[in-house]
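Data first, discussion second: the structure below is written as structure tokens.
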Ligand SMILES: O=C(CO)COP(=O)(O)O
């Protein structure tokens, strides 16, 4: 799976703690990140990360473009809800595109926990066969019954 890891400055140490704790899961996947987040993860773990531009310089938009191309399976975005960002429109656009394409998105560590462990448990095995935006009754029933669609 292709996984995007993004953290605003106040959440970067939490992202490193997360990446460190789940290194054994994350190392089995292709990791992508905005520039500084990716650098910090690589400096502090053994993980290899493809780095986009830094968030304020367009990295969120690059990840959004990957989402729109069905090239990102999971986005973990530890965003800071208490600080105003000069690139707030880019942040909102990325979140919006995840919703447009039904890409699993965590915007806080609680959800990130559930998603990364769900990933490891195979709960996202439907993603490679999934066409953008086409959840329907049959797919949902198959998933609910534990059948990968
Ligand atoms: O600002 C960000 C996401 O909006 C994160 O960018 P950096 O990882 O480059 O700090």
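Cβ atoms here come from the backbone N, Cα and C positions, even for glycine.
Pulled from TrEMBL, these are the features on record:
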type	residues	note
DOMAIN	1-149	domain 'MGS-like'
BINDING	8, 12, 34, 35, 36, 37, 54, 55, 87	substrate binding site
ACT_SITE	60	active site, proton donor/acceptor
Quiz item: Given residue 87 (substrate binding site) and residue 60 (active site, proton donor/acceptor), what distance in Å do their CA atoms have, once rounded to a whole number?
Solution: 9
Practice problem: Fill in the CA-CA distance, residue 8 (substrate binding site) to residue 60 (active site, proton donor/acceptor), as an integer in Å. | Solution: 11
Quiz item: By a simple count of other Cβ atoms within 10 Å, which of 34, 36, 54, the binding-site residues in the record, is least packed?
Solution: 54
Self-check item: Cα separation, the residue listed as 'active site, proton donor/acceptor' to residue 34 (substrate binding site) (Å, whole number)
Solution: 7
Self-check item: Same-chain residues at least 6 apart in sequence whose Cβ lies under 8 Å from the residue listed as 'active site, proton donor/acceptor'
Solution: 6, 34, 87, 90, 91, 93, 94
Practice problem: Would you find the one among the binding-site residues 8, 87 whose Cβ has the most company, meaning other Cβ atoms within 10 Å? | Solution: 8
Quiz prompt | substrate site shell beyond 8, 12, 34, 35, 36, 37, 54, 55, 87, criterion: Cβ within 8 Å of Cβ centroid | solution = 6, 7, 9, 33, 56, 59
